[in-house]
Amino acid sequence: MLNTMRNIGIMAHIDAGKTTTTERILFYTGKIHRIGEIDDGAAAMDWMQQEQDRGITIQSAATTTYWRDHQINIIDTPGHVDFTAEVERSLRVLDGAVAVLCAVGWVQPQTETVWRQADRYHVPRICFVNKMDRIGADFFAAMEDVKEKFGCTVMPLEIPIGSAESFEGVIDLVTMEEIRWDAETEGEKFTRSPLSEQYRAEAEKYREKMLDVVSAYSDTVTELMLEGEPIPAELIKKEIRKAVLQRDYIPFLCGASRRNIGIQPLIDAIVDYLPAPDEVAPAEGIQLKKGTPVSIPCKVGGVPLGLVFKIQYDREAGALCYVRMYSGKIKSGDQVYNAGKKKRERVSRILRMHSNKSEPMDSVEAGDIAVFVGLKLAQTGDTLGSEGMPILLESMQFPEPVISVAIEPKSLSESDKLKDTLAILSREDPTFISREDSETGQLIISGMGELHLDVLTTRMLQDFKVEARIGKPQVTYRESITQTVEHTERFSKVLAGKEQTAQITLRVEPLERGSGNSFKNKVKVSTGGTPQAHSLPEDIVEAVEHAIRGAFNSGIQYGYPCVDIGVTLIDAEYDELTATTFAFEAAAAMGFDEACRKASPELLEPVMNVDILCPKEFVGDAMSQMTQRGGMVLGMDSKPSIDVVHAQAPMAKLFGFSTDLRSVTQGRASFTMSFSHFEIKKGGLGS
């Protein structure tokens, strides 16, 4: 039943207690029988060896559990900014989210990143303020910080009983009861008791704020409030649900996951307030046969339609394709049609995952999440469905990699193994790219940050047993153009005793920064018979586009990938006797290179957003370190225990920043960085 299903994600800044909270949810719902702690490397959802060693979540992990006759599919996402792609693809397919905040740190840099990602996909959410047992914990300040940072209306559903060492439970503002947890049963048992007089005044103040929100959705609640009559808890929950589904309000709960306080009401809130799959907006796509937009409501009886949102490699099963079903039903053994690749594949098995463990399923229906085994071609963002009615769902956009290292096999015998491993890792992670330098033949791998590449190269060496030498990190630059140029390229050669010719005219033009590359064809496409003058067969146009898209990756002057270049095929000459696809591919590649060289090419460097978390007495030193590296301080947030400095700086200047920052702040400052934009590097590569 769709109305008893929830697809949710747990999202947060690193160290807010996200995985710890997920562990408790799984324990209290009976999915696991022992609470695993991150510090011990025993958290069920952090199954990778590196996650256990480093104490952080690296990959999004999926599981399914049950509470009050509801099926809850949970995805626990990473909190570190280097793994933002894992969060992106999870939020793309989720219906609701729990944002975990630290009661001391409030809104932190990665909180802002994941919040914006959730906004982009219109994900309703609830907030859980964790670590209420820490010194300096402030539930109300955390709530106000969210309101101020994101411009949203917040609504407390609970308030804490005490804080820091005196934190002992919560007051439920819906039922006006005190809830306390039993430490001896690891919080499995808890008691609800009538509200005592010492907390009544504060509880009534915040309950009134909550009811003001609820009354906007219900005349009945308004009338009961005016008449001074009691308002049934179920009516309040019903109206809160409406507000959350419309994303008008953010409900707040609180607790201390490590001390097993506050989790069961959070699970209740997931069931009570977050949407079922058929309560969110229909999936939007393109009906390929007609080329028209189409909305796909979530229903089991509809055309089969699913989105591959993640791929994970398994030594025995091969590629595990995580699929969110938006419509219809797919059974184990079914043929599915990959709309983007225009290919059919057979689903050999369907699995329900719990972290890295699985159980077989006969089929998966609309609204659910499962893993497909046996798909050789599928990649993240691909749409799977029916060949009779092919629909292409909107894919996902991932940020550009900004840091690279050179890698080479230790011996010739390891070369193929290394390339195969890189192909597997690139298929798993869309922000990890491997390429061969066109001039040196050296293999270059690129990712989102030093930690990202460190994790992937460690996997390569330990999990895949590849013996390779890895170079030092270096910046991944880009190339683009600054002028519009038209260029005609003619190719004519005798190859294997046969003359091969092609002539094309290309226009290259700079596009708005961040818009990506594009190819357009303005030449008439002939669909049969002899091509007319200045027209081309379809396979020739496809060959030209293939060559241009390949040339985007080869660079102009320095061999770095190109960005924000628009290419238009505006004219062509086709000789029926001598024209070949090879000749047109060659003409396209050479023509693109020549046109771009005439179009005033520029080297672009990545500029990073840098957030420095620093004690107040060291803020001046931290800012000085940033300006010395050519950075620009954009602003600062002051919090009781720490300040956050917001800045931007070129990636090339940030190597070694961590060491210098620790040195000038006695090891008490830390920072996170994320990609902001590319800008022209003054002086070129040698500067």
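Heads up, the Cβ atoms here are built off N, Cα and C, so glycines get one too.
Heads up, TrEMBL stuff is auto-annotated, nobody curated it.
Among the features that TrEMBL reports, domain 'Tr-type G' is placed at 3-278. Among the features that TrEMBL reports, GTP binding site is placed at 12-19, 76-80, 130-133.
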Structural state of Lys18 (GTP binding site), classified by DSSP into three states: helix
Cβ packing number for Asp15 (GTP binding site), 10 Å threshold: 17
Nonlocal neighbours by CB distance (under 8 Å) for Met132 (GTP binding site), same chain, sequence gap 6 or more: Ala103, Phe139, Pro160, Ser163, Ala164, Phe167, Cys254, Gly255, Ala256, Ile261, Gly262
Mean per-residue pLDDT computed across the domain 'Tr-type G' (3-278): 87
Secondary structure of Met132 (GTP binding site) (DSSP, helix/strand/coil): coil
Cβ neighbours of Thr77 (GTP binding site) where a neighbour is any other Cβ within 10 Å: 28
Surrounding CB atoms that lie within 10 Å of the CB of Ala12 (GTP binding site), all protein chains: 28
Three-class DSSP secondary structure - Ala12 (GTP binding site): strand
